[in-house]
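Enquirer: Reproduced below are the annotations present in Swiss-Prot:
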- H73, G114, H115, S116, G146, A147, N174, Y285, E366: thiamine diphosphate binding site (BINDING)
- D145, N174: Mg(2+) binding site (BINDING)
Amino acid sequence: MGILAKIEQPRDLKGLTYPELEQLAQEIRAEMIDVVSANGGHLAPNLGVVELTLALHRVFDSPKDKIIWDVGHQSYVHKLVTGRQKEFKSLRLYKGLSGFPKRCESPHDCFETGHSSTSISAAVGFAKARDLRKEKNQVVAVIGDGAMTGGMAFEALNHAGHTKTNMIVVLNDNEMAIAQNVGAMSSYLNRLRTDPRYDRSKDEIENLLKRIPGIGSKMAKAAEKAKDSLKYLLVPGLLFEEMGFTYLGPVNGHDQIALEQVFEQAKMVKEPVLVHVLTQKGRGYEPSEKNPALFHGVGPFNKVTGEVIKKPAPPTYTQVFGEALCELAEKDPRITAITAAMPSGTGLNLFAQKFPDRFFDVGIAEQHAVTFSAALAFGGMKPVVSIYSTFYQRAYDQVLHDVCLPHANVVMAIDRAGVVGDDGPTHHGVFDISFLRVIPNLVFMAPKDENELRHMLYTSLQLDGPVALRYPRSVGQGVELTEELRELPVGKAEILQEGKDITLIGVGPMVYTCLAAAVELRHRGVEATVINLRYINPLDRESILRYARMTKRIITVEDHMLAGGMGSAVMEVLGDEGLTDVVVERLGYDEYVDQGAISLLHQGYGLSVVGILKAAERLKVLQRIEGRSSV
């Protein structure tokens, strides 16, 4: 039996020797490689924080002490040592262990994360609650250098520093080299700054100098300047010191002893402390060390070779979007592309290679990305800002106030719209229709397939004013990509087939599910109209009303929440016209959606052929069809 199998709770780590900890770190890395190679997941970030996580759980007392993981994708080690080893093989699977901290999973997951830059704000909140309740415990936020680019992180640092909140921020820096500054001088300065005698003597000397008649005040100022000069020379964390934090580090994030020592030092300080830890992303697995970006978030792979397992499939919507944008940018030098730290994930890496001067990666700063794009538009450019649906939530005010209200010519590409699979509820893009369709002058489209996506992108760049374009994470339908691009009439749906008995309205790829269901309905003697809505705003009210009056029964199908979604929009149209004799069944989500394969999630919520047939049965169009049809 290995050491890992004996670790049931963090307290079991405290009695281990350092050689045993080294062996445990190897076992943890092997377990993570084994599971992630089968399930996919965030491998490189977790390989880089093994020693850091062990040190945190040896020095601090979770769950009494609060450890908050920013983003949360680097919490696998934390899960393994907090009683979840037996469930670890279910990581990111349907009904399995989440890839992010979940309060319902363990008391050691004190705060749920998934989006970046939130941990320091949460830590300030926990610390203030502790102080108000007169409790005694430590609060630690662990944040990566990437997440530190988010403005919210600095808002929280400013608050914590200003209020002198007793808390610890661990900056996990996997971009900076473990170099000479991790040495004697750094260790000496760390000890000096955490020694209470240093603070006392500093004040005493300053007061003594000020008492010297005539020149005392000037001498004190000179000493202060000399101290500041030394800090500029020797202290890498001056920015954090100026914000009110005691800075400790940088520390080798793979040196178990050094990590534990610096955390013990941090516990001595009764004001905000930032511990700067240098780690190697992907450590301990050669393919990941060589290509940490690939293994940041990776699908199933061959753990021996590190090769990602790919099945033959059509290109993804993201790939088609990126290639189409490059094609259009070749002909129009005004087209620019903006992303918030997701060049590969949004398909803009190709644009970045071809047009580096017109490509902008602004970091994890969605708010800035959107407002920056608005000003680019007013400056005469044609910006296309591509952000995942779930992250557009963070920039809603900028979309409304800076883009739409002044009618800026900005194309907002909404990637990962709909459920995204294994990353679960923090990453599903199932709210964008609700919060965007209410904006009066925003043209809002959704393509049924990858070819229509190309035409919609082309159309977007011809329009005057803001445009949003939503498309899913998945592969395309495998349709032919037509070479000549054309404008699609704004606000006009596509009627794919007409039938007198029922109307199926789909948005995005759900249109193909509607078409497949229409075939099954025809086999049962029911003729269905199938509408590809195309435009969520403005709606094709004319077509909706025409077929509502004709069939009297409508089923709407959307990869989105029901509340405020496309189905709600259709019902609003019917209500405005007083069509009380038309019955509508809406298919979509009415709760937070769990993690799992996209197809499995769709089936579970009725976004399938069977789901549509059952909805038709509820509308009394069909006799019972249970068990008589396959998805």
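Every residue gets a Cβ built from N, Cα and C, even glycine.
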Enquirer: Hey, which of the binding-site residues D145, E366 is the loneliest by Cβ count within 10 Å?
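Expert: Checked D145, E366; of these binding-site residues, fewest Cβ neighbours within 10 Å: D145.
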Enquirer: Through the lens of DSSP with three states only, how would you label E366 (thiamine diphosphate binding site)?
Expert: helix
Enquirer: Of the residues named as thiamine diphosphate binders, H73, G114, H115, S116, G146, A147, N174, Y285, E366, how far apart in Å are the Cα atoms of the most distant pair?
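Expert: About 32 Å separates the two most distant Cα atoms.
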Enquirer: To the nearest whole angstrom, state the Cα distance for the pair N174 (thiamine diphosphate binding site) and D145 (Mg(2+) binding site).
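Expert: Computed Cα spacing between N174 (thiamine diphosphate binding site) and D145 (Mg(2+) binding site) is 7 Å.
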Enquirer: Using CB atoms and a 10 A radius, I'd like the single residue among the binding-site residues H73, G146, N174 with the highest neighbour count.
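Expert: That would be H73, with the most Cβ atoms nearby.
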Enquirer: Between the Cα atoms of D145 (Mg(2+) binding site) and H73 (thiamine diphosphate binding site), find the distance and write it as a whole number of Å.
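Expert: Cα of D145 (Mg(2+) binding site) to Cα of H73 (thiamine diphosphate binding site) measures 14 Å after rounding.
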Enquirer: Any same-chain residues 6+ apart from H115 (thiamine diphosphate binding site) with CB under 8 Å of its CB? Would you list them in sequence order, or say none?
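Expert: When sequence neighbours closer than 6 are ignored, H115 (thiamine diphosphate binding site) has V71, T390, F391, R394, T426 within Cβ distance under 8 Å.
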